[in-house]
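**Q** Here it is, the structure in full.
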Amino acid sequence: MDFLPLFHSLQGRLALVVGGGEVALRKARLLADAGARLRVVAPQIHIELRHLVEQGGGELLERDYQDGDQPGCALIIAATDDEPLNAEVSRAANARGIPVNVVDAPALCSVIFPAIVDRSPLVVAVSSGGDAPVLARLIRAKLETWIPSTYGQLAGLASRFRHRVKELLPDLQQRRVFWENLFQGEIAERVLAGRPAEAERLLEERLAGGLAHIATGEVYLVGAGPGDPDLLTFRALRLMQQADVVLYDRLVAPSILELCRRDAERLYVGKRRAEHAVPQDRINRLLVELASQGKRVLRLKGGDPFIFGRGGEEIDELAARGIPFQVVPGITAASGCAAYAGIPLTHRDHAQSVRFVTGHLKDGTTDLPWQDLVAPGQTLVFYMGLVGLPVICEQLVAHGRSAQTPAALIQQGTTAQQRVFTGTLENLPQLVAEHEVHAPTLVIVGEVVQLRDKLAWFEGAREDA
């Protein structure tokens, strides 16, 4: 290890930046974020750098660097393209014992800047010791996606209660166990779900009760998207990997299910039109029962749980019973499948609105507001419309839509098995029979479908028609 990782307090201390360009500006911003008072020396100073220094009450010295600029500084940055000058700044700083960083010159540095993931007060630094800064930045980019932005709030909560916990738990090992449980439990989850006030209230109650606690479960209603695992949200993935029990249905792709916690109990509650492995009311009760046992329950649903996913029915029961829950939206099939098929749902020349329609109603019929559905300038997207497709096409034409209106079938959209068939309202049912199209299949009706020939970019493993 060539450099020892340390975090340096610069609050209210003087930091010298030699240089006035964009590189100097980037370094100065970091110093200002850390609370440093800036002294910038350069014959010409970038306008944004000038404003940054003035806002922080620092010093602007618009002239050449002088050796007398260094005394009293806690840190020195050389950010010029003048190599002899950078070397001079480094030599003088080392002679005075002042930490110095020379941009893009590791050999002249006594300190180096890492790639930073800032979730203040939680900060993660990644460094290659100056050997591969681009690699360090790539690793930082990965960490940015893995560490929720709300982790800073979680660290702040812990800071505010640190002394009280220490008084209640003087034993170091007991405190360690307490914090480990807190950071992996319901209080932390409230913070990460954007409910910090609720988290603080729960922690207050726990401390007031002498730390005695009965675990309370929670339900995560998570949208798994249309099929491609890369379309999962960060929050969805985090909750999938911490749930104790997973309830999933047939629209959840196996590749997505595999991303759930390995040792989580999995319960299939798959639903198909008019066929239910587990009736909806039983699913609702099961969510309540499992959460009441103190378990973290993941209800994983294809697409978005609030768009033809019956998510509202499931959390209605939870709300009535006082069971904590959170909802994580997913990319709905209309958006995901249309994008992967190269069919924009709206377009200035073809469609100024889009309508999502269920292909069958609660009683199994296809009794829809047909007159509204034939209005011009709109795209129709039918969910669960395969069985009722002949009726849908017939009724749209009967109510005034042209039989030659472009239409598309997207089977298993966004996955490697995606198949797309385009035609018209007149021949769409025939395409289903000819190509043995099966669920899950999305139906899109509208002039935008004709853009697929030009905009298609994703091809599944099977040929389209």
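Residue 1 is the first one shown; counting continues down the chain.
The backbone N, Cα and C atoms fix where each Cβ goes, and this holds for glycine too.
Pulled these features from Swiss-Prot for this protein:
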type	residues	note
ACT_SITE	ASP249	active site, proton acceptor
ACT_SITE	LYS271	active site, proton donor
BINDING	GLU22, VAL23, PRO43, GLN44	NAD(+) binding site
BINDING	PRO226, GLY302, GLY303, ASP304, ILE307, THR332, ALA333, MET384, GLY413	S-adenosyl-L-methionine binding site
MOD_RES	SER128	phosphoserine
REGION	1-203	region 'Precorrin-2 dehydrogenase /sirohydrochlorin ferrochelatase'
REGION	217-465	region 'Uroporphyrinogen-III C-methyltransferase'
**Q** What is the separation, in Å, between the Cα atoms of PRO43 (NAD(+) binding site) and ASP249 (active site, proton acceptor)?
**A** 67
**Q** For the S-adenosyl-L-methionine site (PRO226, GLY302, GLY303, ASP304, ILE307, THR332, ALA333, MET384, GLY413), what does the 8 A shell look like? I mean other same-chain residues with CB within 8 A of the CB centroid.
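**A** Along the chain, the qualifying residues are GLY225, LEU251, PHE308, GLY309, GLY330, ILE331, ALA334, GLY336, CYS337, TYR383, LEU442.
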**Q** I'm trying to understand the geometry here, so how far is the Cα atom of PRO226 (S-adenosyl-L-methionine binding site) from the Cα atom of VAL23 (NAD(+) binding site), in Å to the nearest whole number?
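**A** With the alpha carbons as reference points, the distance is 43 Å.
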**Q** Judged by the number of other CB atoms within 10 angstroms, which among GLN44, SER128 is the least packed of the recorded positions?
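**A** Looking at the recorded positions GLN44, SER128, the Cβ with the fewest others within 10 Å is that of GLN44.
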**Q** List the Cα distance (Å, whole number) between VAL23 (NAD(+) binding site) and ILE307 (S-adenosyl-L-methionine binding site).
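**A** ILE307 (S-adenosyl-L-methionine binding site) has its Cα 47 Å from the Cα of VAL23 (NAD(+) binding site).
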**Q** For ILE307 (S-adenosyl-L-methionine binding site), which of the recorded positions GLU22, GLN44, SER128, ASP249 has the nearest Cα in space?
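**A** Going through GLU22, GLN44, SER128, ASP249 one by one, the closest to ILE307 (S-adenosyl-L-methionine binding site) is ASP249.
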**Q** Take the C-alpha atoms of GLU22 (NAD(+) binding site) and ASP249 (active site, proton acceptor) and report the distance between them in angstrom, rounded.
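**A** Pair distance, Cα basis, whole Å: 53 Å.
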**Q** Let me check the 10 A CB neighbour count of PRO226 (S-adenosyl-L-methionine binding site). How many other CB atoms are there?
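**A** Summing over all protein chains shown, PRO226 (S-adenosyl-L-methionine binding site) has 30 other Cβ atoms within 10 Å.
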**Q** By CA-CA distance, flag whichever of GLN44, GLY303, GLY413 among the binding-site residues is nearest to the residue listed as 'active site, proton acceptor'.
**A** GLY303
**Q** Measure from the CA atom of SER128 (phosphoserine) to the CA atom of GLN44 (NAD(+) binding site) and give the result in Å, rounded to a whole number.
**A** 32
**Q** Given ALA333 (S-adenosyl-L-methionine binding site) and the residue listed as 'phosphoserine', what distance in Å do their CA atoms have, once rounded to a whole number?
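**A** ALA333 (S-adenosyl-L-methionine binding site) to the residue listed as 'phosphoserine', Cα-Cα distance: 42 Å.
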**Q** What is the set of residues, excluding GLU22, VAL23, PRO43, GLN44, whose C-beta falls within 8 angstroms of the centroid of the C-beta atoms at the NAD(+) site?
**A** GLY19, GLY20, GLY21, ALA24, LEU25, ALA42, ILE45, HIS46, LEU49, ALA79, THR80
**Q** Cα distance, SER128 (phosphoserine) to GLY413 (S-adenosyl-L-methionine binding site), nearest Å?
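**A** Approximately 41 Å lies between the Cα of GLY413 (S-adenosyl-L-methionine binding site) and that of SER128 (phosphoserine).
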**Q** Counting other Cβ atoms within 10 Å of each residue's Cβ, which of the binding-site residues PRO43, GLY303, GLY413 comes out lowest?
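**A** Checked PRO43, GLY303, GLY413; of these binding-site residues, fewest Cβ neighbours within 10 Å: PRO43.
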